[in-house]
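TrEMBL annotations:
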ACT_SITE  H89  active site, proton donor/acceptor
ACT_SITE  C155  active site, acyl-thioester intermediate
COMPBIAS  13-30  compositional bias 'Low complexity'
REGION    1-33  region 'Disordered'
Amino acid sequence: MVADSPTAPVPPRTVASAPARATPSPRLAAKPGRPVRLSVPRLLIDAAVVGITAERGTLVPPSNPRKLGWWSGGAQPGARVGSAVVTGHTVHSGGGAFDELGQLRPGDVIGVTTAQGRLGYRVAGVTTYRKQSFARNAERILDQTVPGRLVLITCEDWNGQVYLSNTVVIARRVA
């Protein structure tokens, strides 16, 4: 997800934050926890989450495109500090858990289920980075010193051979 691509850098496309909508919040878990499921009602995403690690600086989603991967080197969902990072596949022919991730908008609701309960998040922003730009911004995207947040990442912009970009969704916990 951080691999270089042969294209020229393009400024990232960003959707700015919008005022929060009145949507019922999922029941909040009392403590941070390892995620086991993630849902995005508006996009009909409801997928199992498994732990993943980074390999040579790259977060590798699970081999099953319908599952999501939580980076175990980062924060747990619900943590007061750090980015809880979840990656998932986009499959150009369909069938990836995050095929529609780029359609999220500020204010959309995300639910994360852990053994401790369910956590609610609201999308704060959606940005698409060219691969080189993503690599340059990876430290900021994966930051473990920021107030607790959820970061969702997938590939974007299939050119027939490779994906040229990554879509990054930043979401804040619903209090």
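Each residue, glycine too, has its Cβ placed from N, Cα and C.
Since this is a predicted model, take the numbers as computed values, not measurements.
Straight-line distance linking the Cα atoms of the residue listed as 'active site, proton donor/acceptor' and C155 (active site, acyl-thioester intermediate), rounded to a whole number, equals 7 Å. There are 24 other Cβ atoms within 10 Å of the Cβ belonging to the residue listed as 'active site, acyl-thioester intermediate'. Packing around the residue listed as 'active site, proton donor/acceptor' is summarised by its Cβ count: 21 other Cβ atoms lie within 10 angstroms of its Cβ, all protein chains included.
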